[in-house]
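Below is one structure, written out as structure tokens; comments come after it.
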Amino acid sequence: MHLSHVASNKTCFLLSLAFCALLVLLIPSLQPPQRQADLPQPRPHAKPAKHPLKNSLYRPNEDTRGGGFTQTPPPDNLEKMDDLNSHYRDFLDLRDIFIAVKTTRKYHKSRLQLLSQTWVSRAKEQTFIFTDGEDKELRLKAGLNIINTNCSAAHTRQALCCKMSVEYDKFIESQKKWFCHVDDDNYVILPSLLELLSSYSHTQDVYLGRPSLDHPIEAAERVKSDGSVSVKFWFATGGAGFCISRGLALKMSPWASLGNFITTAEKIRLPDDCTIGYIIEALLEVPLTHTGLFHSHLENLQRLPAENILRQVTLSYGGFENRRNVVSVGGAFSLAEDPTRFKTVHCKLYPDTEWCPRKTRH
């Protein structure tokens, strides 16, 4: 009888243990799920929104400096992708974009007059000229937003970074959604720029541009212990232009605002566009979105297909050493009359411009 009672107690004890173990396993599944904190939305796909840019995205081949182009065909489900990503897009106006043009006083007459006559005339309020010398005549004649940075006119790393530092601070002050930097030898195709940026949200981390190299740059990052570490990162070449969303620009502030940009540049001893890439890719770990819609004089511009020229975001032309490096676009102007081809492109985009030849007008 005693043995039977002991066996019974042992059985009850084992059943109790099994029941408790089962409860321990079931309790987490019975509790209501905890609410997760809001996570940042993913960046949109690196593609233009819709026609005409949809079919005109070009990327450089392995020889980026040579200017080779490879057309990227749109996927079959591109329209569905457009619908899925529509909530990422901004309904942009040109007034939402801060376009910074970097120049120097010696190019005021030769380059700025051409820009003010062409694309800048269509975006005067959105375009800000950053230079190193006062020019009252140009300011009054062209009605441009000219900002004298008081930086050196020398083409040195320090001078370039000084101007970029002022560009960044002025953009932050402007409260605009997008910062786009170009050089004074770029033509900005405004409709294409507007459509490209509309494919993204300005609150997201977006860094758009074209590398001048086919590989990441490697830099020696100086540290306080008198040593250095090697860092690799992509950067968008300033000669082709690049754009940064406001959301990302604000995150750059510790290394870029109020003169900190110059200090950061000295840390890696690289020019302004490289320093931008260093801050964004190496420090903030935000990847560059590579796009072939931006173009610089480093490329072979003659290889850009004529039928796609007006779909690009920026164009350029060769300097004194390579005057023939221009886009191949026909029009009423001869090469002698329009050596940069900027006037020809402008008259194709805006045929009703007063100075465009009549036969190109509607």
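Each residue's number is its place along the chain shown, starting with 1.
Cβ coordinates are placed from backbone N, Cα and C, and glycine is handled just like the others.
Here the Cβ of D273 (active site) has 25 other Cβ atoms within 10 Å, regardless of which shown protein chain they belong to. According to Swiss-Prot, the active site annotation covers D273, on the basis of similarity to another entry.
Summarising the annotation, Swiss-Prot assigns compositional bias 'Basic residues' to 44-53.
Per Swiss-Prot, disulfide bond is recorded for C151-C162 (among others). Long-range Cβ neighbours of C151 (disulfide bond) (same chain, at least 6 residues apart, Cβ-Cβ under 8 Å): D132, A159, C162, K163, V166.
Annotation comment: Swiss-Prot describes C180-C243 (among others) as disulfide bond, evidence class similarity to another entry. For the recorded site, C243 (disulfide bond), the DSSP three-state label reads strand.
The disulfide bond annotation in Swiss-Prot covers C347-C356 (among others) and rests on similarity to another entry. Mapped onto three states, the DSSP output places C347 (disulfide bond) in helix.
Positions annotated as transmembrane segment by Swiss-Prot, on the basis of sequence analysis: 12-32.
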If I take the alpha carbons of C180 (disulfide bond) and D273 (active site), what is the distance between them in whole Å?
12
Taking just the CA atoms, what is the gap between C243 (disulfide bond) and D273 (active site) in Å?
11
For C162 (disulfide bond), just give me the three-state DSSP call.
helix
Cα separation, C356 (disulfide bond) to D273 (active site) (Å, whole number):
35
Using a 10 angstroms cut-off on Cβ to Cβ distances, just flag whichever of C162, C180, C243 is the loneliest among these disulfide-bonded residues.
C162
Under 8 Å by Cβ from C356 (disulfide bond), same chain, sequence gap 6 or more:
A332, K343, H346, C347, Y350
